[in-house]
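S.K.: So TrEMBL lists the following for this protein:
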{"type": "DOMAIN", "residues": "13-162", "note": "domain 'Response regulatory'"}
{"type": "REGION", "residues": "52-82", "note": "region 'Disordered'"}
{"type": "MOD_RES", "residues": "D95", "note": "4-aspartylphosphate"}
{"type": "REGION", "residues": "163-185", "note": "region 'Disordered'"}
{"type": "COMPBIAS", "residues": "174-185", "note": "compositional bias 'Polar residues'"}
Amino acid sequence: MGMAIDRDDTQFHVLAVDDSLIDRKLIERLLKTSSFQVTAVDSGSKALEFLGLNNNDADDDEEYEQRDSNTESVSSDEDQDHQDLGLGVNLIITDYCMPGMTGYDLLKKIKKSSSFKDIPVVIMSSENIPSRINRCLEDGAEEFFLKPVQLSDVNKLRPHLMKGRSKDIDSSHKTTSTRLISSGD
């Protein structure tokens, strides 16, 4: 029975975002050591692309679909592959300080997205700036880790993943319960 639980844990997919190759490799190794499946990218825009959000405002799905259908340089199969992969992400861990799009900007875009707003986001930074930490936590980050990230930090991720999974189970249970109650009339 313990084997089934271990196999189940490996199904957690973490998207790691960091512009520093060394930090990205470190977080990737820590996550893999903890039996997570890891996809690592080097920028916020690549993270959005992986999720299928393609750096557009995620809160206007119709406008996004319209822009996407007008874009002929991207094959629809390739775009679908990215969306399929992105849908399997259970948690996003991102550096705060990156060129182009900060981790905070990425957090805000993910929380605006109807598809990904419930995915836990963890911010990490080498700078211990309380106002920055509080702003990230107030705007939806589950955790804020100071670098270098350690195995003890990675161990704090599992409850957030479990909370997300139980939310999915609760919502499907509520839907089933509602159907049963409705059909009883």
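Keep in mind that glycine also has a Cβ here, set from the backbone N, Cα and C atoms.
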S.K.: Looking at Cβ-Cβ distances, which residues of the chain lie under 8 angstroms from D95 (4-aspartylphosphate) while being 6 or more apart from it?
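M.R.: Long-range Cβ contacts: V17, D18, D19, S20, D23, G103, I123, M124, S125.
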S.K.: For the domain 'Response regulatory' (13-162), provide the mean pLDDT of the predicted model.
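M.R.: Overall, the domain 'Response regulatory' (13-162) comes to a mean pLDDT of 83.
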